[in-house]
Amino acid sequence: MGARGNHTVDTSKQLAALRELMKKENVDVWVVPSEDQHYSEYLAHCDERRAFISGFNGSAGCAVITLDKAYLFTDGRYFLQAEKQLDSNWTLMKQGLPDVPTWQDFLHKTLDGSLKIGIDATIITEEDAAGLRKNLAPKKSELVPSKKNLVDIVWGSERPARPQNPVFHLDEKYSGQSFKEKVKKVREEIAKEKGKAFVVTMLDEVAWLFNLRGSDIDYNPVFFAYAVVTPDEVVLFINEKQLDDAARDYLGQDVKIRGYDELYDYLKELPKSLSLTGDKDGEKILVTSRTSLAITETITPPSSPESTTFHKVVRSPVGDLKAIKNAVEIEGFRQCHIRDGAALARYFAWLEEALNEGKEVSEYAGAEVLEKYRSELDLFRGLSFTTISSTGPNGAIIHYSPDPQDCAIIKKDQVYLCDSGAQFSDGTTDVTRTWHFGTPRPEEVRAFTRVLQGHIAIDTAVFPNGTTGYLIDSWARRSLWQDGLDYRHGTGHGVGHFLNVHEGPQGIGVRIAYNNTALKAGMTVSNEPGYYEDGQYGIRIENIVIVKEVKLPNNFGDKGYLGFEHVTMCPIQTKLIDASLLTEPEKKWVNDYHQEVWQKVSPLLQNDKRALEWLKRETTPI
């Protein structure tokens, strides 16, 4: 999501120091991806290497540094932010635009040949490394995986320490399933793949598997750990001091605890202890495509005979199981979104009144008030990402978030976009609403209405089992395309249950990965089409929806059919809707949705007359 601060950072000193190290290590290029050793999207501060070396702190991007140049690759969500943050040392590579290569293609297509390209082996996957090696070979360039991270050395004593915050047990009245039941299902999936073990590397998967939560990464209730599941044992690799007494008691004798740094020693011996032969058709240690090269080369050392491999890359059984919420989790999603809706109503009512009274409210101050209202809700555990509170042109910066020292004042005559969310013991929320507190311009109303039509198209979609989010993404864009408009981000991402607000493998968008995962009943995804006019405004309407089974008059092919249940409960501003563009079913959808919001949220606002009156007005039928 957003990242605080949009100032340019002078990176001359750190680049000079890095280049000196590169010369000592005999590498011509150093690659700095966004990810940490767990392939996390959002990072602990100690792992924000790309932000440290480049000054760009968006959540997606890759830095490529040569001995005389530096390049930052990122996607359309972050073009404007990167332009603001990068200094003159850097060239911004706008991935997705014509003739702009990916960073991987850049290394072998654009750079000279006969180069040594260095990267930390713990933050590149085996698959990516193999692809790079294959493409670099014709140019006689070489990938040099390193056991040390040169950026960490440059960062030195100023690098933040790795967090070791308390880890606690999430009660089964919220999780809906014991960790023993989850492990049993994982073992069944391991057996189907002729596996003898599965290495769990993703932090949200470790947390979900053991019904544990932490706070080692801001906004993400996870903790630094790995796990290995075999037919006979379950091992959790964690700093044991982080486990509180209740968590330790919950795991009991069923889980062996080893130090976080002991994983590699354990994996080195695992093929032997499992009596694996390494034969092509033999049993394997299962890993996912997001497992680091350092881990896979520990399991199957590069020195092994060519025909010998002790590991196999598979879809994560934990990720697939986690994506489908159980009945308890689904009910938690419904309830936490109703409570969240009350906080949103209180905030938007307060903000409107403040602006009408001529008070100055900065983007950051607004976000602080919204957090205050949320913090008063039952089961609140914190925000789920940095609030994107953006007025006018800042709304066009898709993942903008306000700098407390230097942000805009929210203006009545500008579009205001607010994308925010919270963590609760019973679920995770993520909601975007777009408002105008004055008189919107006709082009703003038309664009908003087109975005709304795309939102309704996804919300009301019906599709057969086996359909992917890749396939239905265009339904959200069709109405925008009719006006020659579009947006440079996905339509929806998976959402964790009191876990990461961005969850895979499910999603709605044009990423090829979304075509590999069919939408299934119980999955949770966002529905968030938008439109952004650079330098002027941004529009986005986002609800969280749950995939559900639907009963239809027919059932062609005996496939069974699916649809969506929206759980987000917050009005969509009717002032910004051109009702003449809507079909009758679309108008009915708006009115039905607003009636539902009123019925579910108004009982929670009986002690806030201002918010109650605001909600009544904003849910009036069109």
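Here the Cβ of each residue, glycine as well, is placed from N, Cα and C on the backbone.
Per Swiss-Prot, Mn(2+) 2 binding site is recorded for D419, D430, E542, and the stated evidence type is similarity to another entry. Around E542 (Mn(2+) 2 binding site), the same-chain residues six or more apart in sequence whose CB sits under 8 Å from its CB are D419, D430, V431, T432, R433, S526, N527, E528, T568, listed in sequence order.
The 10 Å shell around the Cβ of E528 (Mn(2+) 1 binding site) contains 26 further Cβ atoms across the protein chains shown. Taken from Swiss-Prot, the feature Mn(2+) 1 binding site covers D430, E528, E542, and the record attributes it to similarity to another entry.
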Site with most surrounding Cβ atoms, counting all protein chains shown within 10 Å, from the binding-site residues D419, D430: D419
